[in-house]
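Lifted from TrEMBL, the feature list:
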- 12-37: transmembrane segment (TRANSMEM)
- 53-186: domain 'SLC41A/MgtE integral membrane' (DOMAIN)
- 89-118: transmembrane segment (TRANSMEM)
- 130-155: transmembrane segment (TRANSMEM)
- 167-192: transmembrane segment (TRANSMEM)
- 199-217: transmembrane segment (TRANSMEM)
- 237-255: transmembrane segment (TRANSMEM)
- 266-414: domain 'SLC41A/MgtE integral membrane' (DOMAIN)
- 324-343: transmembrane segment (TRANSMEM)
- 363-384: transmembrane segment (TRANSMEM)
- 396-416: transmembrane segment (TRANSMEM)
Amino acid sequence: MSVIPAESSYVLFFQVLFPFAVAGLGMVFAGLVLSIVVTWPLFEEIPEILILVPALLGLKGNLEMTLASRLSTLANLGHMDSSKQRKDVVIANLALVQVQATVVAFLASAFAAALAFIPSGDFDWAHGALMCASSLATACSASLVLSLLMVVVIVTSRKYNINPDNVATPIAASLGDLTTLTVLAFFGSVFLKAHNTESWLNVIVIVLFLLLLPFWIKIANENEGTQETLYNGWTPVIMSMLISSAGGFILETAVRRYHSLSTYGPVLNGVGGNLAAVQASRLSTYFHKAGTVGVLPNEWTVSRFTSVQRAFFSKEWDSRSARVLLLLVVPGHICFNFLIQLFTLTSKNNVTPHGPLFTSLYMIAAIIQVVILLFVCQLLVALLWKWKIDPDNSVIPYLTALGDLLGTGLLFIVFLTTDHFDPKELTSS
């Protein structure tokens with residue numbers, strides 16, 4: 001029996017289109033929310049919390065999208081067909097996500113504090129406690145909600161014969177940014193009040209989340225599937241957090257100069273990571289069906305995946321998938337940018353850039369980002385498989401983090417270039 005994905009390019013396109021559109025809408029709203037909350041007292045008084053934003057938004061790649069990819073593979077292999085199988089898999093994976101969320105959020109807040117300390121040489125411990133409490137509360141609560149949603153999506157997709165690889169990761173992205181940003185703004189504002197009155201409350205919150213950690217570890221450790229990730233799945237999670245935090249450092253610098261950049265950041269970053277995650281999930285499922293970890297299918301070698309021509313212009317199924325996903329980039333961004341213009345039309349404080357130069361540069365940046373991510377995706381899946389590392393647990397964190405870093409950097413270049421050649425496009429309403 002052939003393990004090559006059976007759906008045609010048309011089926012792939014239409015299965016991805018709806019969740020991609022929903023994901024884009026979620027990212028548009030996330031960008032609008034970010035452009036509003038950066039003016040709140042939380043971000044005005046503690047600007048370094050902006051460094052946390054890409055790292056926390058990146059949790060959807062670290063945790064929820066990886067969970068979606070992992071569960072999609074299990075569903076496609078028939079390991080979630082009985083109610084007992086579903087129960088065991090779901091409980092263990094939810095516990096694993098809580099472990100990962102707690103550790104990554106704690107490290108992200110520490111890294112953000114270090115990045116904030118470097119330029120000034122001064123560190124406010126109360127600010128550090130506030131960032132850590134906000135980060136932990138945001139990561140753990142948002143991850144729980146989104147993980148439960150992923151379970152529902154994958155079980156429903158399986159029931160109606162829809163390939164969860166095509167649907168789950170885009171839906172994880174659709175609500176990931178918006179949910180995380182909203183929760184961060186809420187908890188951060190609450191903890192800011194505590195910081196100004198009863199600063200010890202932030203320390204209590206941190207201690208409570210850390211005390212729950214052994215409980216989650218115990219549950220995750222009881223399942224063979226999550227046990228492997230619990231012990232050996234930390235490198236991609238932590239590395240991607242560091243990459244995203246580097247993007248956050250760029251974001252903090254860029255937003256100080258161009259406020260409206262915060263509106264476009266989640267959209268550009270999210271679309272690239274979203275499309276690459278779909279490809280990663282499909283490739284990972286194929287490799288699981290086609291062979292054993294450590295041996296590439298069909299006697300392939302890693303060098304096969306270093307060819308740009310093979311990745312984008314060949315007749316192979318993954319090359320065809322890459323072309324279909326690339327076709328969504330420009331029309332998708334045109335629609336999302338139109339929505340941004342529409343929603344900010346009545347806002348006097350949030351003037352969004354528009355004009356032929358900005359739009360052209362923005363589209364070029366979006367295409368460059370997605371081409372790089374799709375190429376890295378197929379190479380990384382093959383490399384990790386060869387190194388006996390499950391790509392379901394490792395590839396998407398790297399891709400979404402790289403998408404954040406590339407997207408933020410390219411977007412900053414777009415704003416700088418537009419500002420140099422036609423600054424009116426950035427300021428005219």
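Cβ coordinates are placed from backbone N, Cα and C, and glycine is handled just like the others.
Sequence-distant contacts of the transmembrane segment (130-155) (same chain, six or more residues past either end, CB-CB distance under 8 Å): 46, 48-49, 52, 56, 59-60, 63-64, 67-68, 71-72, 75, 80, 86, 90, 93-94, 97-98, 100-102, 104-106, 108-110, 112-113, 164, 167-168, 171-172, 175-176, 179-180, 183-184, 187-188, 191-192, 194-195, 202-203, 205-206, 209.
Segment contact holds for the transmembrane segment (199-217) and the transmembrane segment (89-118), given three or more CB pairs below 8 angstroms at sequence separation of 6 or more. With a cut-off of 8 Å on Cβ pairs spaced 6 or more residues apart, the transmembrane segment (396-416) and the transmembrane segment (237-255) reach 3 or more such pairs and are scored as touching. Within the same chain, residues 38, 47-48, 50-55, 57-58, 61-63, 100, 103-104, 107-108, 111-112, 115, 261-262, 265, 269, 397-398, 400-402, 404-405, 407-409, 411-412, 415 sit at least 6 positions outside the transmembrane segment (237-255) and bring their C-beta atoms closer than 8 Å to a C-beta of that stretch. With DSSP states grouped into helix (H, G, I), strand (E, B) and coil, the domain 'SLC41A/MgtE integral membrane' (53-186) comes out at 119 helix, 0 strand, 15 coil.
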